[in-house]
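Trainee: Submitted below is the structure of interest, expressed as structure tokens.
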């Protein structure tokens, strides 16, 4: 019974929705069948907005245009003809709204790609390429000689008056890999916003060696015990070329060097 009641509720909602749409269609039909002269223009209006130089009410109805008694001149001259928005103005507003939404969407997509490209310090993303307008199977990624090349190509076909027209779209972006990233470890994925992300399992680093233990070609020895070419001997017992004799029996004492040699 609970399932049947839920089904009946959904059917009632669908019926109400269809009734609303039918009422809207009836209102649109009534407005389109009504004479536009009663609402928008003077019977002798010759402006660019109205295609007829005279009021059509004289040929359709016995009475004259309803605005003739109130306004002796054309309302288009004083910009008062828009008592209610016409279909043409509504179309212009809808087109402007669609264009604004497209610009906002493109701005958000560029911001997202910029954030993804600058987030290499907190993730393993090496780069990102925007491939908007291409399908995932049309995107190709090639890694060779320390470089990543992202390319995409598509063919558009249009049928126009019995003939066919073709147009081609392609994109190609290339960037170099960091020195610490191996070509075999590079992967790519097609994410949200038509963005191809190039990733690696290890974090990219700016220097080829570990920043905590860098390789210094100028000091090949350990920094705690460097090789000093200026003092090859120990500083505690230096070699003195001016005192070749035993420091305990120096020259000039009561024992001469000759006696010591003998």
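Cβ atoms are placed via backbone N, Cα and C, with glycine included.
When I checked Swiss-Prot for this same protein, it listed these features:
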- 5: phosphoserine (MOD_RES)
- 10: phosphoserine (MOD_RES)
- 34-77: region '2 X 5 AA repeats of [RC]-C-L-C-D' (REGION)
- 34-38: repeat '1' (REPEAT)
- 64: phosphoserine (MOD_RES)
- 73-77: repeat '2' (REPEAT)
- 86: phosphoserine (MOD_RES)
- 122: phosphoserine (MOD_RES)
- 123: phosphoserine (MOD_RES)
- 151: phosphoserine (MOD_RES)
- 167: phosphoserine (MOD_RES)
- 189: phosphoserine (MOD_RES)
- 194: phosphoserine (MOD_RES)
- 209-250: region 'C-X-P repeat region' (REGION)
Trainee: Say you check the Cα of residue 194 (phosphoserine) against those of the modified residues 10, 151, 167; which is nearest?
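Mentor: That would be 151, nearest by Cα distance.
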Trainee: Ten-angstrom check, please: count other Cβ atoms within 10 Å of the Cβ of residue 194 (phosphoserine), all chains counted.
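Mentor: The Cβ of residue 194 (phosphoserine) has 18 Cβ neighbours within 10 Å.
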Trainee: Within the repeat '1' (34-38), what mean pLDDT does the predicted structure show?
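Mentor: So the average pLDDT across the repeat '1' (34-38) works out to 46.
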Trainee: State the Cα to Cα distance, in Å, between residue 10 (phosphoserine) and residue 151 (phosphoserine), rounded to an integer.
Mentor: 48
Trainee: Using a Cβ cut-off under 8 Å and a sequence separation of 6 or more, which residues in the same chain sit near residue 189 (phosphoserine)?
Mentor: 196, 197, 199
Trainee: Should residue 10 (phosphoserine) be counted as helix, strand, or coil on the basis of DSSP?
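Mentor: In the DSSP reduction, residue 10 (phosphoserine) maps to helix.
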Trainee: Would you pick out, from the modified residues 10, 151, 167, the residue whose Cβ has the largest number of other Cβ atoms within 10 Å?
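Mentor: It comes out as 151.
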Trainee: How would DSSP class residue 194 (phosphoserine) in three states?
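Mentor: Coil, per DSSP.
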